[in-house]
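Heads up: the structure comes next, in structure tokens.
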């Protein structure tokens with residue numbers, strides 16, 4: 001009897017420990033009591049949970065915002081559970097309509113497969129490849145007969161589909177909704193049926209699709225999955241969600257210097273959010289950082305520098321993080337120039353500044369260069385230039401700077 005209660009107590013302790021780790025940073029768990037029950041059953045039987053994440057490979061470059069769910073998957077892996085990444089090569093032909101105000105262009109098969117390879121290369125910067133199963137949903141969706149598709153469609157209603165905000169909005173505004181778009185949440189939900197998933201992860205904007213998975217599993221006689229929704233990561237501006245198109249992002253393929261510098265530009269009030277969602281800093285240390293910032297015993301600058309080191313080390317190496325910090329101190333705290341900067345040889349004696357910036361790789365276009373100049377973000381040998389019509393008299397060793405982190409040294413021909 002003592003052994004029985006001792007074993008039960010240890011099991012409940014482990015369930016509580018795993019729940020505490022898995023709750024970190026989560027916006028919503030539907031329902032949490034099911035997750036607790038699934039963890040208990042997994043520990044009692046020794047059978048790991050199947051934890052699913054679907055990736056629709058429409059945008060191949062991953063930024064920190066995408067890694068929020070990947071970090072949660074990594075936690076599941078470290079607790080001994082099975083992670084399944086579904087590359088949505090079949091659903092990607094539709095494109096997820098979530099949050100979209102109009103019908104999206106369908107990707108070609110070649111585009112999808114190329115993007116999928118890029119995704120796979122990047123997700124393993126966070127996930128353990130040895131503990132990750134990667135599969136494509138065309139393996140089962142592509143084999144459904146038309147009769148089976150009709151049967152799948154019969155498992156829900158148009159009224160239910162119109163509960164989604166984006167569909168409801170488009171319907172009310174008389175914007176077109178293609179029938180095939182209704183199939184996206186159905187197909188994502190059917191992925192959960194095909195895999196008999198125990199848990200599915202997604203952003204808060206994916207809640208409808210994740211709950212569709214629960215609904216369809218129940219319809220097909222399976223135990224419904226738990227839906228875990230992660231917050232949408234705010235961008236570096238602290239206003240809108242992190243997005244490449246908005247320019248407020250940190251890409252996980254960026255250089256250590258760029259990654260470190262961008263992190264240091266983060267508003268102080270977002271530091272703890274980033275610590276919680278995109279680093280692996282233990283909960284106890286996170287609590288100490290929070291307490292230190294609240295009491296004033298930890299300077300926000302020092303907390304942010306550690307955050308920058310953590311992020312750079314995760315996607316590069318600890319040594320690269322320390323080197324990026326050294327350069328940051330050198331350039332931005334001591335106002336020195338970086339040791340390593342792009343060099344450019346110029347044949348002309350005088351060059352229009354916006355064109356020179358494009359040649360030096362400091363701006364993607366002359367119009368963007370003109371905007372940066374007007375904003376006062378451009379310096380020549382440390383002197384700010386605000387006239388976009390400036391003609392630069394090129395001198396040997398001249399240093400051109402755009403923003404806080406981009407430099408180029410000029411040489412004469």
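Cβ coordinates are placed from backbone N, Cα and C, and glycine is handled just like the others.
Over in Swiss-Prot, the protein carries these features:
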type	residues	note
MOTIF	57-66	motif ''HIGH' region'
MOTIF	241-245	motif ''KMSKS' region'
BINDING	244	ATP binding site
DOMAIN	351-412	domain 'S4 RNA-binding'
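Using a Cβ-Cβ cut-off under 8 Å and counting only residues 6 or more beyond its ends in the same chain, the motif ''HIGH' region' (57-66) has close neighbours at 87-89, 92, 95-96, 107, 112, 114-116, 118-119, 122-123, 232-233, 235, 241-244, 249-253, 274, 278, 311. In the three-state DSSP scheme, residue 244 (ATP binding site) is classed as coil. Cβ contacts within 10 Å of residue 244 (ATP binding site), excluding its own Cβ and spanning all protein chains shown: 14. The average per-residue pLDDT of the prediction over the motif ''KMSKS' region' (241-245) is 85, rounded to a whole number. As a summary of secondary structure, the motif ''HIGH' region' (57-66) carries 3 helix, 1 strand, 6 coil according to DSSP. Helix, strand and coil content of the domain 'S4 RNA-binding' (351-412), in residues and according to DSSP, is 16 helix, 22 strand, 24 coil.
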